[in-house]
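Comments concern the structure below.
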Amino acid sequence: MLEGILIGLGTAFSITNILMVIGGCLIGTFIGMLPGLGPMSIIAIMIPVAISIGDPSAALILLAGVYYGAIFGGSTSSILINAPGVASTVATSFDGYPLARQGKAGKALTVAAISSFCGGTIGAILLMVFAPALASVALLFHSAEYFALMVVGLSAIAAFAGSGQVGKALLMTLLGLIMATVGEGALFNMPRFTMGVMDLQSGFGFITLAMAMFALPEAIYLVLDPSRSAQGGEGGEIKDLRITRDEARTIAPVIGRQSIQGFLIGVLPGAGATIASFLGYAVERNIATKEEQEEFGKGSLKGLAAPETANNAACTGSFVPLLTLGIPGSGTTAILLGALIALNVTPGPRLMLDDPQIFWAVIISMYLGNLILLILNLPLIPYIAKVLAVPRTFLIPFILFFTLMGAYIGQNNATELLILVGLGVCATVLRFADYPLAPLLIGFILGSMLENNFARALQLYDGLGFILERPMTLGLLALAVILVVLPSYRARRARLRAEGVADAD
Amino acid sequence: MALDRWIALVILMICLAYGYAAFFTMDAGLAPFMKRNPIWPSTFPKILSVLAVLTALSILLGLEKGAADPKPMDINYRRLTDYKLGQALALLGLMVAYALLLRPLGFLLSTLGFLSVGAVILGERRFHILLPVAAAAAGIVWYLVQVVLGIFLSPWPVFLTNGG
């Protein structure tokens, strides 16, 4: 491990990569602050840039920097104008905005920055310990287990979707898998399901799909409902960034607990920074003393530190399944996986052996990124926050334009733009009806890997025998079935019981 | 019938068409030696179509009931006309126009048009700010993409560049 860390240090501390971290963090903070642009949209927009860099470690470092920069930027707009740019910072606004209203915006930003820093750094330490251990176990896996593991990952994403949503999430995953079969795959030398359309010969572009699923619906929502990008404008002066020793002592245990909890939640597939931040807030409120509980929601420092720590730790945690298993647990890591594949890197347990410099450089760059967010962004925040004053009449055309450019640069093909608009409209309608869109993208990205492993296992065992002959495969597949069936079974039982009680009354 | 079930119906139709192709038409062109493989190009799609049809049916029939309380942040599609639907549709139309005009008009001109018309649709009327900003943005993005990223973007309209 020490050797790996040294390789990582060597790679991460090259001039280019340091610039990548700084650039990524700044861009992420800047755009993450804008209402309506989440980390997924930003990373999707940045992918053409990252791919044209060509060096996979630099590209991944840049994208990772954008990712946690965006989370940090989102918390700034939550605190200053009560407009969370990102779902995972909604919990931050519960206590951050009241603090800003009391004229303590500077203090709130400092607490947020310190909590983010600690959450991210402790997360990175845990990542450094967990990822190699998990990767060494994963090296024992064959294609049959891989296939089963991906099935588990995909069903876990559906299972964590929440009550009444399991079927929808599952359907979206399957739709993503179906879309992945369009075009000419590496496995068979024949185009499938192209319906004779030449532009579909190479399948759907993954950047196009990512833009259409996230950036475009978000922009359309902003247009439809102007209150979503409401400019509070009452952020006021940001001054007095200092916090006292007592305050630091109050938030320290919160940060410690939430770093670990957030990280573990982030590792789970399907549960990302959003769930971690809400859960972190709820847990801290429950274990606080009576007087402190009163404070929650009115400007409690603990209530601000908890979600901020948790969402950053969870961001880092979500890199564990990505880097060790090659299975993304969230929409954002799915986009990162797509970028890695485009750069000719196959994430998975072999990544640590084949490309140790990528693996370790990303982890080392996370420390650096968190440090940069702390020391660079904190003094700059009052200036960066000026971006919040950009009127929406300018903002929205630019968001749409960058969405279009992202898809166009990736494929250099104007038809791609029409596909983007078409898919974007479909995605917006799906969002109206509360269909989750991240499973679709994850299914799409995992689709070809799933099929390849399935095919390899079938060929090795000349049939479906591998399911029965390999106990681990069987166990994992059984787990997948349980994951999907259990939530609806429990919901049904709870409902039956509720009805039974109602009848008895 | 609620929108989510209508969508499930549409997806069901798509999956049935997909499944029909996978089960009945795809294997026709398969080379004889490929037929001895345990996995055919249609194997995986067949599995997917069956699973997707079953899932779509379960939503369509409402087998899974849950707490369906609408989130306050989200848009209520039943009252879509209460929102700025016209603006949204106009912007979508503008995006299609941009896609079609990008090649013939060249990047600079179509981008300038897209950014300024987009802002006008949203109600911006300060042209003395809007036009310079849009022109500068088009120029900077073209420079970044063409020179820094090294991806070719034809800047001028077709009729100006036909000679060279």
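Positions of Cβ are set from backbone N, Cα and C atoms, glycine also.
Annotation source TrEMBL lists transmembrane segment at A:6-31, A:43-67, A:79-97, A:109-134, A:146-162, A:169-190, A:202-224, A:263-283, A:358-381, A:393-410, A:417-450, A:470-489 (among others). Under the heading domain 'DUF112', TrEMBL lists A:18-441.
Counting residues 6+ beyond its ends, the transmembrane segment (A:470-489) has Cβ neighbours under 8 Å at 141-142, 144-145, 147-149, 151-152, 154-156, 158-159, 163, 166-167, 170, 457 in the same chain. Mean pLDDT for the domain 'DUF112' (A:18-441) in the predicted structure: 81.
Comparing A:109-134, A:146-162, A:393-410, A:417-450 for CB pairs under 8 angstroms to the transmembrane segment (A:202-224), the maximum falls on A:417-450. Tertiary proximity for the transmembrane segment (A:146-162) is limited to same-chain residues at least six positions away from its ends with a CB under 8 Å from its CB atoms, namely 168-170, 173, 177, 268-271, 275, 321, 325, 327-329, 436, 438-439, 442-443, 446, 449-450, 453-454, 457, 472-474, 476-477, 479-481, 483-484, 486-487. Using a Cβ-Cβ cut-off under 8 Å and counting only residues 6 or more beyond its ends in the same chain, the transmembrane segment (A:393-410) has close neighbours at 34, 36-37, 41, 44-45, 47-48, 51, 205, 207-208, 211-212, 215-216, 218-219, 222-223, 229, 416-417, 420. Among the stretches A:43-67, A:109-134, A:169-190, A:358-381, A:417-450, the one making the largest number of Cβ pairs under 8 Å with the transmembrane segment (A:6-31) is A:358-381.
If you count C-beta pairs under 8 angstroms between the transmembrane segment (A:109-134) and each of A:43-67, A:169-190, A:358-381, A:417-450, the highest count goes to A:358-381.
Residues of the same chain lying 6 or more positions beyond the ends of the transmembrane segment (A:43-67) and with a Cβ under 8 Å from any Cβ of it are 11-12, 16-17, 20-25, 27-28, 31, 207, 210-211, 214-215, 315, 319, 332, 335-336, 338-340, 342-345, 355, 357-358, 361-362, 365-366, 369, 372, 402-403, 405-406, 409-410.
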